[in-house]
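A.B. asks: This is the feature table in TrEMBL:
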{"type": "DOMAIN", "residues": "35-54", "note": "domain 'NF-X1-type'"}
{"type": "DOMAIN", "residues": "93-112", "note": "domain 'NF-X1-type'"}
{"type": "DOMAIN", "residues": "152-175", "note": "domain 'NF-X1-type'"}
{"type": "DOMAIN", "residues": "217-236", "note": "domain 'NF-X1-type'"}
{"type": "DOMAIN", "residues": "244-263", "note": "domain 'NF-X1-type'"}
{"type": "DOMAIN", "residues": "301-320", "note": "domain 'NF-X1-type'"}
Amino acid sequence: MIKRSCACGRESRIVMCSSNSMIKCENKCGKLKSCQHHTCDVICHPRECEPCDELIKQKCYSHESEREVLCSVETGGTQVFSCGEPCGKLLSCGHHRCPKSCHNGPCLDCLLLPQNCKTCACGKTNMDSQQRTSCLDPLPTCEKSCEKFLSCGPIDNHHQCSIKCHNGPCPPCTKESMLQCRCGQSKKSASCIEVIQYDPIKNPFCCERRCNKKKLCGKHRCNEQCCDRDVHVCEIICGKSLNCGIHKCEELCHKNFCRKCPINSYDELTCHCGQTVLQPPIPCGTKPPMCNYKCNRTHACDHPVYHSCHNEDECPPCTHLVSKKCVGEHTMRNN
């Protein structure tokens, strides 16, 4: 005989040396998941814990944007993220705003300050920085084409501005670009002006593809047209019977076991005879208490009662021995 621990290591039992049966207790695993922030709530198991499926709220660095994402090794349980939009915070110069994408930490100095600008507006010709005294002064221009990269065109080959070196933003592009659908699986050709003005929230371009990803519950699938969601929360009510056997689970459809019934009774719960009492609060589904007093119900015979108070509808058969004649009424028999 040896002592062997269960899969989660919380309990141990004495088993035969030759036994290969797995020991499993009724406790939740409780180990840290791979995210290193949340614990596993699956009942004692031998394998590695499943990836973390907890939803966490994150707020972007520069704005008030929030999102809900699955906690994972990638997110590390952090509560901040970059939304990808321009930062927009006022720079130390007091005139211009940060053009960088939403970022952590302080913004850089204004790039238009005289000490930071050594070239013309397009950046191809070196200029004397002494000509400017403020970041508000226009940059000098040259005779070459601007050729700054625009926001339109292919990701690896953006369109370029074709007019002569100039101050201020480049004019709208006259070429065409590919517009990607919401889920990213389809594209269509559109003018660069349309692509830049495209609002995916007010007027999204959607393809006909139906999403077939499983929702967080692991039972149902998304089936939404042109779905762009990373997290697929199941919006169906669970509806399974809770441990009390009376109420249904009202949470959204989920993995693992339903929680215990949250309803409590604030009335006393008594046994059938009323002499043994449980005091409130009493969790829903609690059975009447066991009672050691003799059963006081009305019985079919007048013999002494030897069984205790019970919660069953019918009393057990009387065990008192009586004398009766046999079927042929020849002799008396004890039974």
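Every residue, even glycine, has its Cβ placed from backbone N, Cα and C.
A quick note: this is a predicted structure, and the numbers were derived from the prediction, not measured.
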A.B. asks: If you average pLDDT over the domain 'NF-X1-type' (217-236), what do you get?
C.D. replies: 91
A.B. asks: Within the same chain, where does the domain 'NF-X1-type' (152-175) have neighbours whose Cβ lies under 8 angstroms from its own Cβ atoms, ignoring anything closer than 6 residues to its ends? I mean 6 or more beyond.
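C.D. replies: Distant Cβ neighbours of the domain 'NF-X1-type' (152-175) are 120-122, 124-125, 138-139, 141-146, 191-193, 195-196.
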A.B. asks: List the helix, strand and coil residue totals of the domain 'NF-X1-type' (152-175) as derived from DSSP.
C.D. replies: 0 helix, 2 strand, 22 coil
A.B. asks: DSSP says what for the domain 'NF-X1-type' (93-112): how many helix, strand, coil residues?
C.D. replies: 0 helix, 2 strand, 18 coil
A.B. asks: Which residues of the chain, 6 or more past the ends of the domain 'NF-X1-type' (217-236), have a CB below 8 A from one of its CBs?
C.D. replies: 55, 68-70, 181-186, 204, 206-211, 252-255
A.B. asks: Would you mind listing the long-range same-chain contacts of the domain 'NF-X1-type' (35-54), meaning Cβ under 8 Å and 6+ residues beyond its ends?
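C.D. replies: For the domain 'NF-X1-type' (35-54), the nonlocal Cβ contacts are 6-8, 10, 22, 24-29, 70-73, 75-77, 216, 255-257.
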